[in-house]
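**Q** Straight from TrEMBL, here's the annotation block:
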type: TRANSMEM; residues: 12-30; note: transmembrane segment
type: TRANSMEM; residues: 92-109; note: transmembrane segment
type: TRANSMEM; residues: 121-138; note: transmembrane segment
type: TRANSMEM; residues: 144-161; note: transmembrane segment
type: TRANSMEM; residues: 168-185; note: transmembrane segment
type: TRANSMEM; residues: 191-212; note: transmembrane segment
type: TRANSMEM; residues: 224-247; note: transmembrane segment
type: TRANSMEM; residues: 267-287; note: transmembrane segment
type: TRANSMEM; residues: 354-372; note: transmembrane segment
Amino acid sequence: MPETRPASAPFLRPGLAFAFATVAFVWWRVSENTADNDLWGHVLYGQRMLHLGGLETVETLSWSAAGQPWINHEVLAEVILGLTHRLAGGSGLWWLMIGLATLTLGGAGRAGAGRTAPQQLTALGLLALCGNSIALGYAVRPQLFTLLAFVVLLTALRRFLDGRLRWGFVPPLLLAVWVNTHGGFLAGWLIAAVILGTEFIFGFIPSLPPWLRSTPATLSRPVLLAAGAAGTLALLANPWGAHLVIWTLETLQLPRPDITEWHPTTLSAATVPFYFTIGLGLVAWILTRQPRRLGEMVAWGLLAFFALRHQRHAPLFGLATVMLLPAHVLDLLQRLAPATQGLRAALARPALRGALVLLLFVGGAWCLRSSVTAPRLHPFRMEVPRDLYPVAALDHIRTHRLNGNTITFFDWGQQVLWELPDNPVSFDGRLDTVYPTPLMDAHWRLYAGEEPGPSLPLDQARVALLPTGSGGVRLLLTRGWLMTYEDPLATVLIRPVGNVSARPVLQRAGVEAITGSVPFPDTPPVLATRFPR
């Protein structure tokens with residue numbers, strides 16, 4: 001008797017190919033190994049805390065803000081990053097990111113995949129659509145812990161609202177850790193408040209319009225109120241108490257024109273999947289016949305709004321989409337099935353199906369290859385691209401011993417702290433955690449070529465490291481500063497003091513100075529163990 005294949009076999013092969021292509025694409029996007037401009041600082045501060053055995057609350061690393069209060073709100077994340085680097089160097093940092101990404105995406109996928117193959121494929125499809133959005137959050141930085149905490153929070157809230165009361169202890173405990181790890185705790189608290197608050201207000205109203213009807217509430221209002229209060233009180237479990245929460249709210253209102261991730265998500269070829277996902281999600285939420293929670297619907301819409309306002313919120317929106325939408329999108333697709341019968345019949349033809357499978361496998365293989373080839377020159381570890389960071393300029397400063405107070409471009413300030421321990425910086429990526437607003441504004445003016453004003457006394461600096469061709473370079477030259485090094489990325493200047501003839505001869509470098517990349521250093525920085533007496 002001839003062997004017969006299961007009816008699902010023709011569908012399975014394209015499904016496996018699609019799964020392979022999606023996983024390969026997501027791997028390629030989240031395995032980015034370019035060092036974030038704050039990475040030097042996060043590792044340095046973590047190792048200083050490990051050496052000190054406590055928390056630094058007063059600024060000692062810059063010359064322009066020395067003695068200012070330092071609200072280091074990413075304590076736990078930096079300790080983990082510092083310890084990881086101490087044990088395993090730059091490769092350890094990369095593997096830490098991959099491990100956290102695996103936990104985060106695995107948890108999100110499991111929450112959305114359900115128990116049926118169609119819903120699992122739908123979850124994969126949404127993951128593919130949201131891959132670019134989610135990948136925006138993947139660099140070695142404290143935000144990694146926010147992404148994981150967000151998935152844990154949504155999972156716990158869903159189980160709690162299903163009536164499993166013991167899961168109600170997870171959000172407050174999680175928020176108590178989160179508030180000491182990354183400023184994203186505020187987004188987590190807000191989403192929890194929206195979900196619980198919506199259940200509290202609307203879960204007991206029977207006469208909602210059909211498109212707003214929700215799964216009936218299973219928890220009493222006192223229980224929901226207690227859960228919300230516990231989560232709010234948990235935010236006080238940090239070294240600064242309520243002041244940190246207030247400070248975080250205030251800092252969110254500051255303009256950040258020079259930081260791309262705080263810009264809106266504008267429509268472009270790269271963001272078409274993001275906008276398509278918003279439209280698909282809105283239709284699926286409204287038309288779904290599956291059980292839904294109004295609180296999750298409102299939270300998803302709020303995250304979509306935040307992601308439109310600021311690119312840095314797109315990863316949270318993507319994760320929420322993968323967790324919350326698969327069942328509703330699948331229901332929408334099933335309702336559209338009769339209208340797409342001809343298309344599905346065409347895709348079922350062996351020749352076309354085989355071509356599709358081949359295309360998916362080739363695309364996945366290309367993604368895997370791209371994850372370990374140029375421009376990634378040092379795969380499986382963090383690397384420092386020379387066209388983004390002033391590697392050659394720092395070598396020049398070190399070689400010629402141009403030590404002293406240094407005027408720094410904020411993106412490079414923490415790299416200077418690591419590489420040049422005898423060059424206190426004027427500004428770095430810690431921004432308003434250390435630097436007063438007048439001092440930050442003075443730097444923005446300097447970078448634009450304007451007089452910085454009294455908040456930034458240029459006569460107290462000895463060295464300057466600024467982008468080539470910037471207004472700051474032109475201004476310092478008019479003030480009598482001398483250029484000692486220039487390449488297409490960075491310029492080094494010194495303020496003449498004493499014997500001007502002793503300064504280094506002007507050195508100009510070409511494109512070779514900003515070509516390629518170097519591995520992120522494995523050796524701990526000098527300042528990890530150097531403290532003021």
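Here the Cβ of each residue, glycine as well, is placed from N, Cα and C on the backbone.
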**Q** In the same chain, which residue numbers or ranges, 6 or more beyond the ends of the transmembrane segment (12-30), come under 8 angstroms Cβ to Cβ?
**A** 97-98, 101, 105, 117, 121, 124-125, 127-128, 131-132, 134-135, 138, 353, 356-357, 360-361, 363-365, 367-368, 370-371
**Q** Cβ under 8 Å, sequence separation of at least 6 from the ends of the transmembrane segment (168-185): give me the contacting residues as numbers and ranges.
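**A** For the transmembrane segment (168-185), the far contacts come to 73-77, 142-143, 145-146, 149-150, 152-153, 156-157, 160, 192, 223, 227, 230-231, 233-235, 237-239, 244-245, 248, 251, 316.
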**Q** Can you say which of 92-109, 121-138, 144-161 has the most Cβ pairs under 8 Å with the transmembrane segment (267-287)?
**A** 121-138
**Q** Would you kindly list the residues that approach the transmembrane segment (121-138) from elsewhere in its chain, counting only those six or more residues past its ends and only Cβ-Cβ distances under 8 Å?
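**A** For the transmembrane segment (121-138), the sequence-distant neighbours (Cβ-Cβ under 8 Å, at least 6 residues beyond its ends) are 15, 18-19, 21-22, 25-26, 29-32, 97, 101, 105, 108-109, 112-114, 144, 146-147, 261, 270-271, 273-274, 276-277, 280, 307, 311-312, 314-319, 321-322, 325-327, 329-330, 333.
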**Q** Are there residues at least 6 beyond the ends of the transmembrane segment (92-109) whose Cβ is under 8 Å from a Cβ of it, and what are they?
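**A** Residues packing against the transmembrane segment (92-109) from afar: 26, 30-31, 33, 39, 43, 80-81, 84-85, 123-124, 127, 134, 138-140, 144-145, 147-148, 151-152, 155, 319, 322-323, 380-382, 520.
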